[in-house]
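See structure below.
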Amino acid sequence: MALRPLSKIDQLLLGVDKALRAVVPHSNPSTRPLPVSSDEIPELSITESRHVAGLMRINHTGEVCAQGLYHGQAFTAKDENVKQAMQQSAEEEVDHLVWCETRLSELGSHPSVFTPLWYGMSFGLGAVAGAISNDFSLGFVAETEAQVSEHLQDHIGQLPPQDQRSKEILAQMDSEELHHRELALANGGAALSPPIRHTMRWMANRMKATAYHL
């Protein structure tokens, strides 16, 4: 029996559910297991634990922002193929969200207290990008993923040598972020102008500075 198309109410409720899962810790079902080679939790000093927790909180916030961005773009995208691509990428990024939440819990820490704000701002940006054009929307994704990859690689370099667990998680995330970037470009993503790229980087830096502590 064929499934009936989703009504506007169904779509609204589904969107609300996705938003809540993005901002409420541990609300997503188990997805792929942690991409780690050992179940052993590395021993870190108090200072090291706090620093790694700050880095993972930034990365968790980045994944919350990715959820908001993809959901916003899917909400306003004009092309059905673009909508499906945004939704698929968002679903894959849920794994990253869960991995960061898990590592934060292992470190005895928590996500950013501003998580709902990060999501809301990103949803708005994504919705605007999706409304402008498909090429701009996909270009926005490509640039976002490129900048996310940069800070993931920077964080990997800042990890204590013995924290192989966090390193493997971030390395897997980085590989998949770059894949999402290539996918966006392959589907027609346009290069963004330098002022837009610089503004995105400035906003990301403000987010990282805040999320590291809060």
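Note that Cβ sites are derived from N, Cα and C of the backbone, with glycine treated the same way.
Predicted, not measured: the structure shown is a model, and the values here were computed from it.
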Per Swiss-Prot, Glu145, Glu177, His180 bind Fe cation 2; matching candidate in Glu80, Glu91, Glu93, Glu101: Glu93
Listed co-binder of Fe cation 1 (same site as Glu93, His96, Glu177, source Swiss-Prot) among Glu43, Glu48, Glu63, Glu143: Glu63
Around the Cβ of His96 (Fe cation 1 binding site), the count of other Cβ atoms that are within 10 Å: 27
Env. residues of Fe cation 2 site, Cβ within 8 Å of mean position of Glu93, Glu145, Glu177, His180 Cβ: Ala66, Ser89, Glu92, His96, Val141, Thr144, Val148, Ser149, Glu176, Leu178, His179, Arg181
Cβ packing number for His180 (Fe cation 2 binding site), 10 Å threshold: 23
